[in-house]
Amino acid sequence: MKLRRGALRAALALVLLPLLTPAGAVEPISVGLAIAGAAASALTGFISYPRLYCYFRECCLQRHDPRAAAALQQNLDKKLFGQHLVSKVVVKAVRGFLNNTNAKKPLALSLHGWTGTGKNFVSKIVAESIYKRGLQSKYVHQFVATLHFPHAHSINLYKDQLQSWIRGNVSICPRSLFIFDEMDKMHAGLIDSIKPFLDYYELLDGVSYRQAIFIFLSNAGAEKITEVALDFWRNGRTREDIQLTDIQNALSVSVFNNKNSGFWHSTLIDRNLIDYFIPFLPLEYKHVKMCVRVEIESRGYAVDEDIVSRIAEEMTYFPREERIYSDKGCKTVDAKLDYYYDF
């Protein structure tokens, strides 16, 4: 049944009024009486309709937006360099999980690689593909090991707090996203406290965690990733020849046995609850130049190839003799641009 235009305008006016009018400027009861007759039927349909409310207020994702995966793919293709495995695996994993109406467990992705290779950037893009506000969404929760879990003697307290936080937020929004940064600096054993939430349980105390997403970021395993990449390079093969099967098993074993990792002997790995260990390959000279160009363009300036080359050449590269990979990836590009440009 179609609403008349007058009633529609009245309904929208009542919905928008609290959002657009300063507090106390209009008496709500008077406004309601003035338009009640014209908009009664319209309000019944519109205020109860979730899309209208969610247009003005952020809502928990209930249905997958088919455009999300396309946007995720587009952003990764345009802004992430030298990471063919990441683009392929992340898009397929996230798209498949969001499209699965009967997932058996939450999605758990573990991103590994050197600083500056794109781990934080990818987690940001994933968050933005699910929620418009991205990392600022009230349904996206980010933990930094050195900030949120600094003291080894408080590990039992952290375990209780972490469980309560995840339980409370998934109860509010099943499609919650949790990002754990600096996993290589997390105290061993702490992350195992969330094992029940990642396991194959239909319900835990009346709560289902099967729609939640967990992303872990870590430098642990970077040496193993570099070892594989160097082996391909020294044998005359391109980095694009590297497949996930060439790294994933060795990477998971390396992380599991790393005493300086929050995943050391973790039950999350032992019980195969991490769906994908995703390697971020070390970046080469050409990839650093790509990062510089994109950063210049994002600031609205014309690309000066001389400056692009100079910044890329200022980076330090390893191994010492071959000098193939940037030891900081693209992490310091932004700061170096400030030196060359008067922004």
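Cβ coordinates are placed from backbone N, Cα and C, and glycine is handled just like the others.
Features of the protein shown, as given by TrEMBL:
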- 1-25: signal peptide (SIGNAL)
- Gly113, Trp114, Thr115, Gly116, Thr117, Gly118, Lys119, Asn120: ATP binding site (BINDING)
- 283-340: domain 'Torsin-1A C-terminal' (DOMAIN)
Fill in: Under 8 Å by Cβ from Gly116 (ATP binding site), counting only residues of that chain that are 6 or more apart
Leu283, Ser326, Lys328, Gly329, Cys330, Lys331, Thr332
Discussion item. Let's see if you can do this one: DSSP helix, strand and coil counts over the domain 'Torsin-1A C-terminal' (283-340), in that order.
Written reply: 32 helix, 5 strand, 21 coil
